[in-house]
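According to TrEMBL, the protein has these features:
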TRANSMEM  A:12-34  transmembrane segment
TRANSMEM  A:46-67  transmembrane segment
TRANSMEM  A:74-91  transmembrane segment
TRANSMEM  A:141-164  transmembrane segment
TRANSMEM  A:171-189  transmembrane segment
TRANSMEM  A:221-241  transmembrane segment
TRANSMEM  A:262-288  transmembrane segment
TRANSMEM  A:294-313  transmembrane segment
TRANSMEM  A:320-337  transmembrane segment
TRANSMEM  A:357-384  transmembrane segment
Amino acid sequence: MTRTPFILRNPSVLIVLAGLAVFTVAVTLLSQAYGTGAVPTSMVKVLGKTLCLALAAVAMDLVWGYLGILSLGQMAFFALGGYMIGQWLMYARTEGIVAAQLAQGPIPATAQELQDAVTNQIFGVVGASELPLVWSFAHSLTLQLILVLAVPGLLALVFGWLAFRSRVNGVYLSILTQAMTLALALWLFQNDSGFRGNNGLSGLQNLPGLDHVDQATLSVWFLWASAAALALFYALAAWLVSGKFGSVVRAIRDDETRVRFLGYPVEGFKLVVFTLAAMITAVAGALYYPQAGIINPAEMMPIASIYLAVWVAIGGRGRLYGAVIGAVVVSLLSSWFTGGRAPSIHLPGYVVNWVDWWQVALGLSFVLVTLYAPKGIAGVFDLFSRRGDRA
Amino acid sequence: MTKLTKILMMTSALTLAHAAHAQTPEGEPIKIGVLHSLSGTMAISETTLKDTVLMLVEQQNAKGGVLGRPLEAVVVDPASDWPLFAEKARELLTVSEVDAIFGCWTSVSRKSVLPVIEELNGLLFYPVQYEGEESSKNVIYTGAAPNQQAIPAVDYMMEELGVESWALLGTDYVYPRTTNNILDAYLKDNGVAAEDIFVNYTPFGHSDWSRIVSDVVALGAGGKKVGVVSTINGDANVGFYKELAAAGVSADDIPVMAFSVGEEELSGLDTANLVGHLAAWNYFQTAESDVNTAFIEEWKAFTGDENRVTNDPMEATVIGFNAWVAAVEAAGTTDVDPVLEAIVGVEVPNLTGGTATVLPNHHITKPVLIGEIREDGQFDIVSQTEPVAGDAWTDFLPESAVLDADWPGKGCGMWNTETESCVQVQSNY
Amino acid sequence: MTRLRLIACALALLLPSSLLANPALDAVIAGNLDQIEQPSRRTVEPLVAQIAATGPEGLALLQAWADRNLGLADGRAVIVDGDDVTDAVTGAPVTATPQMLRPNSGVRGVIEQALVAGALTDPDPRRRAAALDSLARGGDAEQLTALRAALDDPDPTLAARKARMERLLTIQHDPDSAARVAAIEQMAGDVGLDFRGVLNPLLATQPLVAPEPPAGANVARELTPGSDALPREAALAQLVRQGLLQPPLSRADQRAALAANITDGAVGGVPVATLSDPAARDRAYEALEAAGAVPPAATETEAQAALEANRFYDIHVEPDAAVTEAAKAAQIRAQVRLGAMRGIDLGLDALSLASIYFLAAIGLAVTFGVMRVINMAHGEFIMMGAYTAYTVQTVIADRTLSLVVALPLAFAVTALAGVVLYRLVIRHLAHRPLETLLATFGVSIALQQLAKNIFGTQARPLTAPAWLEGSITINDVIGISSIRVAIFVLALLFLALFLFIMKRTRLGLEVRAVTQNPGMAASMGINPDRIAMMTFGLGSGIAGIAGVAIGLFAQVTSEIGQQYIVQSFMTVVVGGVGNIWGTLAGATLIGGLSKVIESFNPGNTLAAQTFMILFIIIFIQFRPRGIIPQKGRAAEV
């Protein structure tokens, strides 16, 4: 094995990172906060969110494209990450408001009174009066940041351990991951779960303690953070799959039994990749929801995870930049077509309204991509490079 | 803005000065945003409201526009996706620069939009009955608060139907939860024992109702008259009413009072077995008044469909739109703050033959109507009250009983009447 | 009002006497026109009694009023019967168009109550039955007398109902304690809802606190404070409610009291700035108490003393101890039977749900067994079947006929769609199950949106024929709607049909061969491609039938398939693939389990669903290949 540097062996990583940097700088220079204002704040938020989705797609590609597990529950980790950071955002912001109000009273408030008032503000809407146990750490940013990684990671670890141990694989495993995310979503939909049920956590775009910073500026900050996270984890993922570890992982995808016979701890490898991907997805979620402003359990219904898989499939699975391309292209196209901006097509006797027909077109395009372009959009790059990425 | 439009504006201003009430409005259009889902699960309910706003805009332009300028509706599709509501609201306010937004249906979509509207000082007209416990500076609530629908309906069941044992069935989301909490407190205040209140929550689109219906029937073992208060949402009602009919539950034995079943929902059902069950709203298509007859005709002409029905949120949209037009005319500008100042106290006709007044708490006065379902899917109005003032903060929960809202007087949507202080200016979301 | 009555009387005098069949009724109507027009349940009773007292015309008027056949024309009450409009008092035909009265159901109940006594002996059996219905909603002692006089009935069913009603009214309203006890003992063990509805109010209790055992009260039991039945806090709250104990000082009250007594930045000598500490607040309050600025708070000693000085009782609302004793005994006797019946009822519900899941999942199981692919568009085939039935119903008005047409048509339409899907998509993705999953998902969302574009997002009505409406009831506890029974029968039929095809036909033999070993089957001259296509068509067709069935008891929307698809997957996975008995076992397990979990927590259906899915995830850990795993070489694929 030659010792060429990792980056040189993988020119695609360099291209992606450079492209990301150019994109971020360009958006910053065109934003309302730091530039000409040609890109409105709402667009900056859309772009920032798209970067987070791309990161989730990279994680999905690790699990599906490289490890061969079609996980239909990835968005559970994404939303859990959002919920964990959302708890702090909501609690701390409300605490600020409540403390300011209580300070006007004649007598300083006790810690209990402060907490009761915060609880009433957050949970009064959904008719609860006590702070649920799951909110015990909500006052601390550090703890909640740890939970962003720990909760989805632990869930993936336990679920993966149970599933891989009993050799559940293939379609069975896909269905099981779908069941997991559905169970979680249904549980969160209940008011009694302590996460405000269908209302979810809202007002997440206002950062506690940063009231003086306007949304135009905040949106750019989040764009930077999202771009940085995408760059970091993209490089990490690329490094991981390029070495020996990556070879074993791909071998597991292609023939699990043989790898096991060769003496590799297959379950261990699977568990590491699955858990790591869950944690990357959670980071993406934690960056996504403060930009979206609200999170509710509908975000982790099985359909969302299937869409994630579809993005990866359309972009081209088994190569990380394919996942990024798929997520960016499809999610932006979706938002353009459903935004009512796309011009209607006037056929004789019928007007094709994209709001009505976009889903049909999208659905059929999955079918066409799977049938005729299994390498996805990224397959186009093979035409330019002789070797391609033999994923 | 191009130079050309500026010139156009100036000339139009001049022409306006000469002919004050020109028949065709001229000048730069006043933009209003329409923020209703046109796709996804909520599309069915919300598309109707989008069409209503478009019809009102068309009519207003035919009448000479507002302030002599034409109205232009900017329609966006938040696709029943709650985060998308916030995104589209920001787009409407900052990119399209609309002066008012008509939109939202579910509470969660309103809560998603609230921070954006308050941050950018927009103006939202919210046309659906909701759980209350909110009064934002930037929102006018033209739908019913709980005291304009739930409480009078329960009163009717207690007094007119003699119900003593209650089943509160709802879909598991915030409107049924809060409404049932309020009703629970209200019923207990009225001497109903805790064991005579049965509460159940089901998921959206629930279809397997056999167990729940038999639980409700079993309440009859208490020897008291059983009544059902249903906050079941949308499609799930179909299965519920079918199971109810199959179990042979007649409206005389166990009356069901629904808060979310209107003319539109009944069109998905064979109503022969549901005759006599009830619904509480502030408007029914069968309301007898000249404005209503005219409105129904215009609506059918506008949609080109003889069978299109009208419903309560449509009336609320009409009231909101007319109140906004009146306030803009009074303020002489479309800027949000003067309009908000002018809108309190504005009185516009509603469709049931009375008038609706915008109150300082940004709610409006509405009569409460109780209707019995007829065979043809319409409602017989069996009770109609005088207009009731909407109460933002319910009197039946201890934490909110002390709260009040007063815009622009005290400039506060959460005024604590005991401590005489403003709890917070921004809303909870 | 009086003036109106005077005018009415004057009018009555002026009218020719032949027209005035019932002057008393005429006066009552004229005097209460506004109340007849806008009656309220709370106030209408005296008026109804007045009208009833005026004789047969009055009763006829009441009957018309209750049936919503009464109208007002020119200030006179008129009875409308089809096209005939007659004056309620004189019976003379009226030509004016009446304004119809629509009394609400509460008022109609009151009117019907007034008519009960007469209707019990009415020649029309439907009237007699309606009178009994009305009695079941509440009777009184007077009606008991009337009922006893009318016990004979030519119709044996009605006679039995009358006898039962007589017993029930005896328990409630007979003045003689012995007669009531006898009636209770006679009916003891009965699980009828009406009997339990009579019994339970007799056993209702009220809490009472008193230093001595209350004289003359029918004491249900005495409670000890601090026991499970009466926790200490509940006992204290009870004392406070009865005014025997001063309410404890709440934190909010304490805060308000302190705030009212701030002097020079301190309360009772404690600086305000330190009052964020609860202990400091207590000290400040004590200081204020000592200074006499605030009333002393209730102390623990007082509470304890009050607890010791009083005894806690549950008092029966019913004063007659003999009756409550008998009622208690009767209730205990019914309890075991009631429990068993509830179990049976739950079982029926579970069976019904299982048969629905079974129908929804067979198609999925078959295709999975033969081709190892999951068809994500399966739910949309269910939807297609439901919409087919809806479309048929809009064309054919007769519901029975439309159902007869819809079932095979739904099968044909979805089977065809399945074959098309197979030819165009699935066969090109052979041996790539995960790709198939994604491609069929694409088909699924396209079909769903297509349905929305064609049929709209509003739920569409699909109504069962009249003979499937209503329910089959064994007694008041056990009952199941007919439509669910029909679905159960349908599921059995398809199970039988399926077994027949698999075991007795050439196609079945070939399908089994391909399932077990496609390569070997192909070398024996079976065309696996054709077999796969046929099974796909069959599986999809059954999904269409399931769609019709689901549409009949639930809603027809474009999302109907999504509601059942995940459960169908679970059924297949839990049951094990490639074997219809596995699917049956899976459906039974999931259906049964969801109902059992639901019955544990009737208030929250969502929680039940969550626990069900969790159970399945855990179940898979122990039986990864399902309840009935596939054996042989196919299992290795």
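Note that Cβ sites are derived from N, Cα and C of the backbone, with glycine treated the same way.
Within the same chain, the transmembrane segment (A:141-164) stays apart from the transmembrane segment (A:357-384): fewer than three Cβ pairs sit under 8 Å, each pair at least 6 residues apart. Long-range Cβ contacts of the transmembrane segment (A:262-288) within its own chain (Cβ-Cβ under 8 Å, at least 6 residues beyond either end) map to 48-49, 52-53, 55-56, 58-60, 62-63, 66-67, 69, 71, 74-75, 77-82, 84-85, 145, 148-149, 151-153, 155-157, 160-161, 164-165, 222, 225-226, 229, 233, 237, 240, 245, 248-249, 251-252, 256.
Under the criterion of 3 or more C-beta pairs below 8 Å, with sequence separation of 6 or more, the transmembrane segment (A:294-313) and the transmembrane segment (A:320-337) qualify as touching. Just going by CB pairs under 8 A, the stretch in A:12-34, A:46-67, A:171-189, A:320-337, A:357-384 that sits most against the transmembrane segment (A:221-241) is A:46-67. Long-range contacts of the transmembrane segment (A:320-337) within the same chain: residues 12, 15-16, 46, 50, 53-54, 56-58, 60-62, 65, 230, 234, 237-238, 241, 308, 310-314, 354-355, 358, 362, 375-378, 381, each at least 6 residues beyond the stretch ends and with a Cβ under 8 Å from a Cβ of the stretch.
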